[in-house]
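Read the structure below first, then the notes.
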Amino acid sequence: MFVHRLWTLAFPFLVEISKASQLENIKSLLDIEDNVLPNLNISQNNSNAVQILGGVDALSFYEYTGQQNFTKEIGPETSSHGLVYYSNNTYIQLEDASDDTRIDKITPFGVDSFILSGSGTINNISVGNQILYNLSTLSMTPIFNQSLGAVQAVLADNSSIYFGGNFSYNNGSMTGYSALIWDSISNTTQLLPFGGFGENSSVNSIVKLNNDNILFAGQFYTLDDPSALISSSNNGTNSTSSLNATTLELGQRIPLRYASWDSQGSTTFASDSLVCPNTNEDAWLYPDTSGSLVCNLPYEVSPTKIRLYNSQRSDSEISVFQILTDPSSSIMNLTYLDPLSGELKNCGEFCPLYSRATLLSASQNVSSSMDMITFIDNNKTDVKWTSDFQDFAFVNELPVSSLKFVALNSYGGSVGLSGLELYQDTFSTYANDSLNEYGCSALTNDSSSSTLSSNDWYNGLTGESYIAAKYVPDQNEPIPRVKFYPNIIHPGHYTINMYTPGCLQDNTCSARGIVNVTMWNQQNNTIMKTYLIYQNNDNLKYDQIYSGYLDFSPEIVLEYVSGIYTTNTATVVVADQVNVITVSLDAFNTLSDSSNAKKETLLNGILQYQKSNFTSTRLNETKVGNTTLNLFPVKNYPKNSSLYADIYDNKLVIGGVSNRISIVDLNDDFEVTSSKNQTIQGDVHGITKTNQGLLIFGDILSSNNQSAVFLFNGSFENVFNQSRTVNSALNISLANNDFIVLDNDYVVNASSNALIRNSSSFSLSLWAAGNNGDGDVLFSGAVSHMQYGNLNGSVRFLNENEIEPLNLEGGIVPYLGAYLNESATAYAYEVDSLNKIYFSNEVYPSWNWSSGITQMLYADNQTLLAVSAGSSTTAELSIFDLRNLTMIANETLGSNARINALVNFEKNCSMLVGGDFQMTEPNCTGLCLYNYESKTWSTFLNNTIFGEITQLSFTNSSELIISGLFETKEYQSIRLGSFNLTNSTMIPLLSGSEGKLNSFTVTEDSIVAWNDTSLFIYRNQEWNITSLPGNASSISSVSAIYTDIESNTLNKRGINNVNNGSILLLNGNFNISQYGYLQSLLFDFQKWTPYFISETTNTSNYNPIIFINRDVSTEFNSQSPLANVNITVTSPQSTSSQPPSSSASSESKSKSKKKKIGRGFVVLIGLALALGTVSVLGIAGVILAYVFKDPEGDYKPIKPRIDENEMLDTVPPEKLMKFV
């Protein structure tokens, strides 16, 4: 598994950066400081003496302020939508964001900036406006003045930034769809030269091919400026069109069978002939050179053009006319293709209508039928002429209820028409099938139709086209149903809308219901789309039910589902019309029947945009050509495909639908030279570029029918298998590892393809990420990263900032240790609710305890191991002979007892037991003597030392230091005392009613005691109290680390107490606002330094502790025999005839003494601790300290310069209270 520095994996392409381009700058801007650790002289040479036991699973040494924000495992409460910066193993939180903010894409730009795309806000700036985030200044600037919506692709091309997605942007003169350019130098926004990719399009990928060519991939088939797709060819050969221009109709003829006409004054009028033109006879004649004809439509329409057939008689042919409409009551502006000049012209009050002879002559002189037709309004309307008629397109598409045709002049003496037709650019199919009828037998096969269920349908309001039926369920009535059959004549792309009349006008809002609309493919009887539509809309509305390619006529079924309001028994179901809008037709692909035909470049989700084509000044320059790259998806993918693309090693990878991924080889001119397909099962939803290659993901199934994610780096490799579709894949490099994050749910190691699960050592939430290649990584999400993970419960230090797992045999997780000798250590551990001991020389004794082991003491001369165990209700003492692993003694103390400390008197075969207990036989309170040879208990000094004992330690064989909260006959509330075993005298070192001390340690020149929240330090002849920094901090243990680099001081106390220094290593839980939650601090008696943060294993019942694996036998074993354990403790006799009168006099005496005595002698019992040889000198040190102390042993704490925001730098000498 992954252990050292999170993982031992290292990839050759991931080189650790010594200094990121923006890291130091960001640190400076945010006042982030590096945490420099002192030299602790910890190395493997001192037998790995410093260890952490107790279930540690992950650990990070504190290296910089703010690191704590990235060490807690990610959970549901973690904020993961802000911005995080990473470089050189440093994480920095740059911005926070609420959960409704979503950054979907981060794109590097320049050497110091990134572009953020998404939704929501950061610092009140809309992410949808696209944000330029500058690392040099940590500033954010919105790029656009409006939200773009869904941005799916961003490409930085020098100073131009291309945005692609599903959005629209209006530059004041034109609306562009799905693409936009921002110029970073001029800070201006512009559409592409061709606008965009048309309505209902989307851009999924933008790929830079070279400085002149950019590839767009997505779902589109046209451009906002379709003229860019038109090119002229003159190859000297004729080709035959599959569809002649004269037969192509983009719009639908509006049925006029039920229109009413006003032909007052006419000599001839036949409406049936007028709307169904017969080129051999006139349908309307008026006996003057001017006249009018009015058509009142059965319902309101928005016509796009009118087609006029001039009179068959030369004397009645109209030469000039105009069109007026209601309700606008205005003359309509018209556009027509002039048969004589071939130009597109406009007219209004006076529009020319050519004679049949003129049209016939013009038609005989054209070189191609394409000269008789043109397309306007983005190819939605065709305007043409033939020898029989002329088309006039309405410049303004307005609603029309009545149309008046006015003949203003004639080529002869009267005016007349043989035909009049209206067209609209939509195909309407009405529920009232009579409105679908043209009334012309020749057009029967071209008309749309509908059928109704056998309910009582009735017409809606007068002048409206809808019908309605009242329906009461469970009354043996058929379910109201309407089937629409829109007639699709030409294959192409269409949009279909279902119209629903409003309920306010007919006052049926409270009775309206819910209908289901289903679109069927009649060729294979499959459902294409289905929707629920609520019909209680106040006004006329439409719902889009389809947009895409059709080469057949579908069936659309509207059917009652339920009422909306439970109070109504009857539901009014309404049905109006299905509206089909032509987007583009395949017929455009083949419209050519001459050598000079204009050809349209076909698109299907891929566009090769060559910038120079749009800047060239040459006439007839092709803007978008039929390049092999543009034509590749046209020939190889279904129409209207949604495609994704990217480049790897000069190979273009294309994915989308149709169960394949295409690998396209390109030459230097980006021409397709070859291609091959990788067969897959499913559709591609995206392609992401990673350090290893291209990641291809989507609804792709592997051979075992699980979702697959492929990596392409010249060949295909499956990197993920799960039972779900993958909609997002991101790549990020952190901590010398490369990760792939799928749907912000799965994290995959990119080298091994191993799935990484969130843990205490590493967890990641990732919405978007960007890397500028200079070592700056910016991502939206959250991360928890501990330097060392999977530590298996215990570690040893290799140096002051490097560790490795202890890895004891059998996966043992120890929580307590005891040094035996240079080759063996005893460890306490728990397994199956039993507590046991393991020896590191792989010896497993059979002993076990039901309660946790609290103390272990080893006597080397006797090879004896004393073990105390206990719970909240009982305590147990066990003593073993390690020569044969036999138990010497086993004792259980009474209820509510706890053993805290043990020291051994070898000569007496007795163990002095300290703790929190009460014994009656013998009478012991907190301190009792146990003879493990006779297996008997006895009082220690007639129980004249009593209370709660927390720690016992010899300074030499006859000096015993005791901590806790205890009393003697002379002193009360002793918290720390020194007891002389030779003369049975007690010297209180610290007294007071503030509570017990938990323990103490002794350095070369200091005594350090502590309770939960403070250190009590005797140094330089004075005591002071140093409170822990921060709030709610607590100490578990304090260890002295000796920093003398000349001696192996971890194995034994230093001898030269002048040159040797020491640093206190605190273990516990420390909450400091500047550093967060820590588990270890360092204190050099002047300032605090954060040391490490750790996490425990889920299975451990113990808190991690620091274990110094060194020989401490002299601290807990005495070679001096106890002369008389039943004498009474006394106080020492003062060497001064008078007690000190004041602090001032005490200070004066101290200074005079200091001139005569070396520093090591002045420290309380320091000589005995440093030399450990002559007990008399130890006694002298204690007495010396006692002479200059207050009778009550009180102390006054200083107020250290420590708060939550700073560490203690130094303690002013004038503020220190003398130990006098």
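Glycine residues also receive a Cβ, built from the backbone N, Cα and C atoms like all the rest.
Feature annotations, courtesy of Swiss-Prot:
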{"type": "SIGNAL", "residues": "1-20", "note": "signal peptide"}
{"type": "CARBOHYD", "residues": "Asn45", "note": "N-linked glycosylation site"}
{"type": "CARBOHYD", "residues": "Asn124", "note": "N-linked glycosylation site"}
{"type": "CARBOHYD", "residues": "Asn187", "note": "N-linked glycosylation site"}
{"type": "CARBOHYD", "residues": "Asn200", "note": "N-linked glycosylation site"}
{"type": "CARBOHYD", "residues": "Asn238", "note": "N-linked glycosylation site"}
{"type": "CARBOHYD", "residues": "Asn379", "note": "N-linked glycosylation site"}
{"type": "CARBOHYD", "residues": "Asn445", "note": "N-linked glycosylation site"}
{"type": "CARBOHYD", "residues": "Asn626", "note": "N-linked glycosylation site"}
{"type": "CARBOHYD", "residues": "Asn890", "note": "N-linked glycosylation site"}
{"type": "CARBOHYD", "residues": "Asn956", "note": "N-linked glycosylation site"}
{"type": "CARBOHYD", "residues": "Asn1011", "note": "N-linked glycosylation site"}
{"type": "CARBOHYD", "residues": "Asn1060", "note": "N-linked glycosylation site"}
{"type": "REGION", "residues": "1129-1151", "note": "region 'Disordered'"}
{"type": "COMPBIAS", "residues": "1131-1147", "note": "compositional bias 'Low complexity'"}
{"type": "TOPO_DOM", "residues": "1184-1220", "note": "topological domain 'Cytoplasmic'"}
Fill in the blank from the handout: Most Cβ neighbours within 10 Å, among the glycosylation sites Asn187, Asn379, Asn956, Asn1011, goes to Asn956
Fill in the blank from the handout: Counting other CB atoms within 10 Å of each candidate's CB, the least crowded of the glycosylation sites Asn124, Asn200, Asn626, Asn890 is Asn124
Exercise for the section: With Asn200 (N-linked glycosylation site) as the reference Cα, tell me which of the glycosylation sites Asn124, Asn890, Asn956 is the closest one. Expected result: Asn124
Handout entry: Nearest-integer angstrom distance between the alpha carbons (Cα) of Asn626 (N-linked glycosylation site) and Asn379 (N-linked glycosylation site)
Key = 19
Practice task
Express the distance between the Cα positions of Asn124 (N-linked glycosylation site) and Asn379 (N-linked glycosylation site) as a whole number of Å.
Solution key: 43
Practice task
Pop the Cα-Cα gap between Asn187 (N-linked glycosylation site) and Asn890 (N-linked glycosylation site) into the table, whole Å please.
Solution key: 85
Handout entry: Between Asn956 (N-linked glycosylation site) and Asn379 (N-linked glycosylation site): CA-CA distance (Å)
Key = 104
Practice task
Sorry to bug you, but what's the C-alpha spacing from Asn1011 (N-linked glycosylation site) to Asn187 (N-linked glycosylation site), rounded to the closest Å?
Solution key: 63
Exercise for the section: Quick one: pull the CA-CA distance for Asn956 (N-linked glycosylation site) versus Asn1011 (N-linked glycosylation site), whole Å only. Expected result: 25
